[in-house]
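What follows is a short report on a single structure.
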Amino acid sequence: MKIILTLLIILFSLNKNLNFVSSEVTKSRICSIFDQLPKLNSDFEPDYGDISVGMIKNVLEGDSPTLASNDPNFKPFVNGKLKNLNLFPTWFNKNHTQNVMLLKKLNLTLDKSSNIYSFVKDDFFPIDYQGWDVDESNRIYYGGRIFTAYHNFHYCLKINSVFFYQGTETFKFEGDDDVWVFIDKKLVLDLGGLHPARRGTVDLTKLGLQVNKTYSFDFFYCERHTPYSKMKIQTDIQAFCAWSDYCGVCQGDGSTCCNKDLDCDDDDPCTIDSCPLPNLPIPGGDKISKYCRHTNITCTQPSNNKCVITGCSKDTNGKCEVIGNLECADKSKYCMTLTGCDPKLGCQYKSNCIGPCLTGECNNGKCTSMDADYCSNELGEDPCKIYSCNAKNGGCMATPKCTSPSSSNPCVIPTCSADKGVCGTYTQNSTECNCNCKLNPCQKNNCDQSVNPPVCSPLPIDTIDDGNPCTIDICDKITGSVKHTPMECSGCTKCNNGKCIPIESNCDDGNLCTIDQCMNNGSCIHTPLSCNITNPCMDYTCNADIGCVGVPKICPNKGNCLIGYCDAGECKLKDRICDSPSFCQISQCSDVTGCIVFDKVCIPSNPKCETGVCINATSTEPGRCESVDFDPKPFVCKPAAIISTSVIVGVSVAAAVVAIAIVVASKKGYDAWAASNNNSLASLTSNPLYENPTGNGDNPMYQPNS
């Protein structure tokens, strides 16, 4: 007997140390439950219906399903008892006037024999006496297995999560009423409608998923009618919450604990108040209001009056109004003087550099004058002329470089070399000089030698012609006084080579958003500039100080994961790219908050016997996943010889222990062991040695309980 007892102790010790390393026994899923009231939404507790496929779209937009049609007579809606289309968003989203949101745990239990997690509740009433039913007057619905028992029958539930696909998973559901399951944002199970318990199965191996890749798993369930509520889930999907908002809701939007109107109101009507970004970490004890966002309201300028400024007015509760006149810029450094503001054109200026002896150019706030070189270039660059500008005479003028000598000898004529402009004199002979010319003060002596005898042919004195074709030169024959009267050109025109021509620069209004034109009649026209759109993906505007400005065309995003972009002038959408910081971290986009980061899960080659280990990249090696044996190994992963030996002695060491106990204590020993262990070994819940056979004959070792 002592030997047997010793053996028992040893075997029990072995059994204690042979731990089976496996998955968690229980997995908890945080779910959001939205309590509904039939008196607020008649889609809850309507007439009886049945299953109705096709009520929602096949692609999940955001974190909640959307209806497949806007037509209330859409057949799936009629069959599914859905009438209040505008209230459907409140089934799975918080709305303080339509529902009460609650957070609950859904605990799934592992069946070790199948490695399947399950949740089974024939009476699934998770929010009795809660939500709207805190008010006793709302507790008016009865049913369930105890038909007269009160229950909260009207609610919707959602779970948003992610999982790493292992390659073998399935998902099974049975229950009532509406159930929709999305994997990778695609509808894979549709049990919509108001119906008794219905079942459906999703085989993930048929969805085209890639092993070891992350996918979203979104589950939506509604209980809409008495008298029953059943939920049964069976799955081996290892779903988890990639991130939670600051309210503790998995992939939540922060609305559970933040109301922008109540928590974020800064009493400034000129700001747009919003709750913090959902994934913003908020230290415990801090108020959410400390992290609220307040964006200033931007007012657009009115198109019909460019001389006023609009802004947000606190006095009119945040309306955009005219708050002042436009302050036109000082353009003195450009030699421009403000003349006023035109409502259609904006600020108007005139140039200070318009004048007979001004070039029209401005240099650091000073107008450039016409000097000798400028006038020489304008009037012909004759080396025998002296060029200058005289404002009174209308601009540039040219006078002879070489004049008559001071001597009174009329026969001494000044000369100038045409190539170098060297002055000299030439003395005429008596024939050339004296032909009895009678001269007035505006004439000089000249004898025509082409005839014999020479005759007098007087010439105008040199000072009459100023060399400027834009002046009218007049000499008083009595006094000899010479005047140079500028030709009159109206408005913006200016004389050039004796003709009045339009000068565009004379119409410069200092506004780069106008096209300035000088007409032949001298009037200025300022036409608003139309910016030439050379790139259809650019939006062009005009700034009076810098002209046309092109900025990229803004294409709106759709949610947080679809980025708007412009292609050949057309707005399109593309997926937001989220970069992972390391090999062992996954970055992907969440519709609620944008890019998120969570730890990578490596899928082992043999999940029953191994665990996946992620190893980050180093300077010499890339990142990788490795499969590592459980330590200690699960029994089913032992070498074949060990397993065979165990089978021989009774499937497991624990069985051997029981067998010895049976030898020692017979049937009562077995019963005592079974009772003390709550029949925890499924393979040994009965012992054929001590059971009465169901067929013919008797078992001599069978002892009925006394």
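Placement of Cβ uses the backbone N, Cα and C atoms for every residue, glycine included.
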Legend entry - Candidate set Asn429, Asn678, annotation N-linked glycosylation site, source Swiss-Prot, matching residue: Asn429
Legend entry - Rounded distance in angstrom between the Cα atoms of Asn296 (N-linked glycosylation site) and Asn532 (N-linked glycosylation site): 32
Inset, instruction - Fewest other Cβ atoms within 10 Å: which of the glycosylation sites Asn95, Asn107, Asn296, Asn429 wins that one? Let me know. - result: Asn429
Legend entry - Which of Asn212, Asn521, Asn616, the listed glycosylation sites, has fewest other Cβ atoms within 10 Å: Asn521
Legend entry - Intrachain C-beta neighbours of Asn532 (N-linked glycosylation site), sequence separation six or more, cut-off 8 angstroms: Tyr540, Cys548
Inset, instruction - Do me a favour and check the Cα-Cα span between Asn212 (N-linked glycosylation site) and Asn616 (N-linked glycosylation site); whole Å is fine. - result: 16
Inset, instruction - By CA-CA distance, flag whichever of Asn95, Asn107, Asn429, Asn616 among the glycosylation sites is nearest to Asn521 (N-linked glycosylation site). - result: Asn429
Inset, instruction - Can you grab the distance from Asn95 (N-linked glycosylation site) over to Asn616 (N-linked glycosylation site)? Cα atoms, rounded to a whole Å. - result: 44
